[in-house]
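Notes to accompany the following structure.
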């Protein structure tokens with residue numbers, strides 16, 4: 001069965017192409033900084049938005065027209081697998097990601113859910129035998145069903161905690177069976193609405209215990225995946241415990257989990273936390289905890305997670321700058337956790353959206369690499385902090401001074417002189433590099 005009959009395999013045609021089903025900048029074989037674009041840009045398709053999302057919102061029903069939606073139940077799940085691998089092949093993407101309930105419906109009991117999952121996982125595994133597309137990561141959905149109303153690993157109900165543990169155990173087994181390179185934890189319901197009825201310490205300790213059990217079980221079954229935490233400050237919960245990268249680092253280090261986890265950073269979640277995307281990437285990178293990326297963008301005029309496809313070239317450039325500085329994402333990738341707009345309801349809009357996102361990150365890669373080759377920002381930063389390369393500054397940087405010595409030095413100073421930060425000049429230079437992308 002085929003679902004995208006009027007779309008051929010998407011090819012690179014160059015910046016002057018007017019073909020809406022062609023890449024203008026993403027050339028998977030093009031060499032950038034010693035690697036192909038495909039090696040740098042480990043693109044992934046989000047199963048939930050692409051094959052499950054129906055376009056509904058709090059004010060209206062679904063609008064998406066999907067040829068596989070003529071089916072229901074397990075027949076629908078199987079049709080989505082067929083549609084997914086056709087889409088992967090035509091877009092030539094190396095990875096995909098899913099939550100357990102994306103690929104198979106929940107049953108009346110946990111055992112029924114396992115049975116459904118086993119059947120669909122077997123089907124996915126069979127398709128993967130003849131496909132180049134691999135599983136970047138999988139995860140357990142522990143936020144949609146009413147059982148998660150008060151959380152999963154942070155629920156005040158121990159029965160729910162046990163159910164969540166069972167879901168993750170099954171998820172780890174599925175990840176191993178399908179060769180997932182990572183496993184993600186996103187705590188959409190792990191947080192609180194009010195402190196008036198919350199034992200925060202118990203909830204955080206229980207969450208840490210949960211993660212330790214997951215680490216132990218992955219080792220027990222030989223599942224060598226990178227564990228990832230995906231920060232988000234709010235939505236659906238008022239205050240989520242994985243608020244941002246800084247909060248996540250504090251939690252992981254406090255509970256002795258930092259050796260086992262890195263971060264899966266989503267652009268729109270950074271926006272909701274009051275940060276830029278590059279801020280979260282940078283902070284994770286300098287702590288050696290940048291693991292993977294959910295590639296999307298938010299709307300700064302709106303206060304919720306809009307999950308738009310990434311087309312902001314400034315953002316993709318600065319994101320790829322951080323990723324290149326990180327020497328890539330290792331086992332991670334660029335997962336399009338993004339959905340077409342509610343008014344973009346035709347199935348072929350899925351191709352337009354992903355092509356736009358892939359081209360945007362290809363541009364970001366080329367511009368970021370040129371910035372690095374020309375040491376545009378490195379020279380600016382080195383010059384700005386040059387006072388720490390000699391004299392008293394070098395002693396500070398080398399932990400070779402104390403308050404007494406610094407006081408004596410300060411007393412000997414005359415008027416302190418500053419250098420301009422030159423933000424406007426730097427931004428103008430970035431504009432130049434973006435506008436010259438076709439030269440690189």
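Just so you know, the numbers here start at 1 and follow the chain as drawn.
Backbone N, Cα and C atoms are what each Cβ position is placed from, and that goes for glycine too.
Since the structure is predicted, the reported quantities are computational estimates derived from the model, not experimental observations.
Features as listed in Swiss-Prot:
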ACT_SITE  99  active site
ACT_SITE  102  active site
BINDING   230, 266, 294, 337  Mg(2+) 1 binding site
BINDING   266, 269, 305, 307  Mg(2+) 2 binding site
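Mapped onto this structure are the features recorded in Swiss-Prot.
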residue: 99; record: active site; DSSP class: strand
residue: 230; record: Mg(2+) 1 binding site; DSSP class: coil
residue: 266; record: Mg(2+) 1 binding site; DSSP class: strand
residue: 294; record: Mg(2+) 1 binding site; DSSP class: strand
residue: 305; record: Mg(2+) 2 binding site; DSSP class: coil
residue: 337; record: Mg(2+) 1 binding site; DSSP class: coil
Residues close to Mg(2+) 1 site centre defined by 230, 266, 294, 337, Cβ within 8 Å: 186, 264, 265, 267, 268, 269, 293, 296, 335
266, 269, 305, 307 excluded, remaining Cβ within 8 Å of their centroid (Mg(2+) 2): 232, 267, 268, 271, 272, 294, 296, 298, 306, 337
Separation of alpha carbons, residue 305 (Mg(2+) 2 binding site) and residue 266 (Mg(2+) 1 binding site) (Å): 10
99, 269 as recorded positions, winner by CB count within 10 A: 269
Cα within 10 Å of residue 269 (Mg(2+) 2 binding site) - qualifying recorded positions among 99, 102, 337: none
Neighbouring C-beta atoms (10 Å sphere around the C-beta of residue 294 (Mg(2+) 1 binding site)): 26
Alpha-carbon distance [residue 99 (active site); residue 307 (Mg(2+) 2 binding site)] in Å: 17
Spatial neighbours, same chain, of residue 102 (active site) - Cβ under 8 Å, 6+ residues apart: 47, 48, 51, 52, 141
Candidate with sparsest Cβ neighbourhood (10 Å radius) among 230, 266, 305, 307, the listed binding-site residues: 305
Pairwise CA distance, residue 99 (active site) versus residue 294 (Mg(2+) 1 binding site), rounded so that it is a whole Å: 14
Residue 337 (Mg(2+) 1 binding site), number of other Cβ atoms within 10 Å: 26
Whole-number Å value for how far residue 305 (Mg(2+) 2 binding site) lies from residue 294 (Mg(2+) 1 binding site) (Cα to Cα): 13
